[in-house]
Amino acid sequence: MKALVKKQGGEGLWLQDVPEPEIGINDVLIKIKRTAICGTDLHIYNWDDWAQKTIPVPMTVGHEFVGEIVEVGSNVNDYRAGQIVSGEGHVVCGRCRNCMAGRRHLCAQTSGIGVDRPGAFAEYLSLPMANVWEHREGIDLDIASLFDPLGNAVHTALQYDLLGEDVLITGAGPIGAMAAAVCRHAGARHVVITDINPQRLELAKKLGATYTVNPVQEDLADVRKKLGMSEGFDVGLEMSGNPSAFKDLLANMCHGGKVSILGIPSESLAIDWNTVIFNMLTLKGIYGREMYETWYKMSVMIESGLDISQVITHRLHYTEFQQGFDAMNAGEASKVILNWE
Ligand code: NAD
Ligand code: ZN
């Protein structure tokens, strides 16, 4: 079968013929229909320090996908050929304290598809049945391929009550922009989003942000005044990984404000702990998606009208993958979909 492989160190990915994956008794075989390119895939493509330390080569990459089950292992009774599925890319151990307690997203022995084990940028993927998410009938395949990053947005945004609240999102990348849509869908009042890239701010507006801020041009304190918010934001979602964006966010929260942090800073950073302490802020780190409450919320929100379609900026055939990675590297793309049919 064809697969996009990190064949060796250095920049790039290679479209290669590799053996079809074998499935174990607890696995399903999925024929891939669509995949989406994640920031993580870009790190692997560019072979940065993180990728060099993390990715054993050769490795078939990719973890954002939708496909059709074509075969199931002998132990699999709940799934059958023909079902349209995505899957949780974090494969957990199943035996640790958190896994046993049903807190699988907190497993410390997670292995990632397309990072630690063969990924989804391929014609076929073998996945444990415990990681399968079956889609509701009639779902748009491009949207279905985005459930992994949409899950990051949903997991981060739904940490706290949003109905009637004022939300600040720092970073209008694909995940920040989708989070804006989720916050609006969940009934937030103001959804203010920041980015230094005007194209990305425009996109976030299309997805539902009520006010966009370029921090180089406008101060968040002024924005609060303009919107009549005397006490600061109720909920903050850090989705940039940028130190100054994070500090700005903390400085503009209300007393008792609640912050969830998804963005990954490239190095350690200092914050004003006095703000956290005296304003009694709650800070929570977010990783991945909750298994499978986040997935359930995604399916029902899409069913009830959540529209994230505008986040897709490129639709390409998998053989045109180079174009997709170039657009990502140039900062021109938000979500790039690759069609494997
Ligand atoms: P992205 O890199 O596409 O988006 C980040 C955005 O932040 C960019 O648009 C960038 O222009 C913007 N930004 C940079 N400096 C800024 C500043 N000073 N103020 C405001 N915005 C600024 O990433 P993404 O795919 O949307 O993901 C968002 C973040 O979440 C990234 O840091 C990513 O590494 C991280 N992430 C975390 C998890 C997790 O499980 N914790 C999963 C996926 C992604
Ligand atoms: Zn575990």
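Using the three backbone atoms N, Cα and C, a Cβ is placed for every residue, glycine included.
Curation does not apply to TrEMBL; its annotations are automatic.
Per TrEMBL, the features are:
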DOMAIN    26-134  domain 'Alcohol dehydrogenase-like N-terminal'
BINDING   Cys38, His63, Glu64  Zn(2+) 1 binding site
ACT_SITE  Thr40  active site, charge relay system
ACT_SITE  His43  active site, charge relay system
BINDING   Cys93, Cys96, Cys99, Cys107  Zn(2+) 2 binding site
DOMAIN    174-301  domain 'Alcohol dehydrogenase-like C-terminal'
BINDING   Ile175, Asp195, Arg200, Leu262, Gly263, Ile264, Ile286, Tyr287  NAD(+) binding site
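Positions of the features from TrEMBL, shown on the structure.
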residue: Cys38; record: Zn(2+) 1 binding site; CB count, 10 Å: 24
residue: His43; record: active site, charge relay system; CB count, 10 Å: 17
residue: Glu64; record: Zn(2+) 1 binding site; CB count, 10 Å: 29
residue: Cys93; record: Zn(2+) 2 binding site; CB count, 10 Å: 14
residue: Cys96; record: Zn(2+) 2 binding site; CB count, 10 Å: 16
residue: Cys107; record: Zn(2+) 2 binding site; CB count, 10 Å: 21
residue: Leu262; record: NAD(+) binding site; CB count, 10 Å: 24
residue: Ile264; record: NAD(+) binding site; CB count, 10 Å: 13
residue: Ile286; record: NAD(+) binding site; CB count, 10 Å: 20
residue: Tyr287; record: NAD(+) binding site; CB count, 10 Å: 14
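When the C-alpha distances from Cys107 (Zn(2+) 2 binding site) to the recorded positions Thr40, His43, Arg200, Leu262 are tabulated, the minimum falls on Leu262. Listed in sequence order, the binding-site residues among Glu64, Cys96, Cys99 whose CB lies under 6 angstroms from an atom of ligand 2 come out as Cys96, Cys99. Checking the binding-site residues His63, Glu64, Cys96, Cys99 against ligand 1, none has a C-beta less than 6 Å from an atom of that molecule. The two recorded residues Cys99 (Zn(2+) 2 binding site) and Tyr287 (NAD(+) binding site) have their Cα atoms spaced 15 Å from each other.
When the recorded positions Thr40, His63, Cys96 are ranked by how far their Cα is from the Cα of Ile286 (NAD(+) binding site), Thr40 comes first. When DSSP labels each residue, the domain 'Alcohol dehydrogenase-like N-terminal' (26-134) comes out as 24 helix, 40 strand, 45 coil, counted as helix, strand and coil in that order.
In the three-state DSSP classification, Ile264 (NAD(+) binding site) falls within coil.
Between Asp195 (NAD(+) binding site) and Cys38 (Zn(2+) 1 binding site), the C-alpha separation comes to 19 Å.
Each residue in Thr35, Ala36, Ile37, Thr40, Asp41, Gly62, Phe65, Gly89, Gly114, Ala120, Asp148, Pro149 lies on the same chain as Cys38, His63, Glu64 and has a C-beta within 8 Å of the C-beta centroid of that Zn(2+) 1 site, without being one of the site residues.
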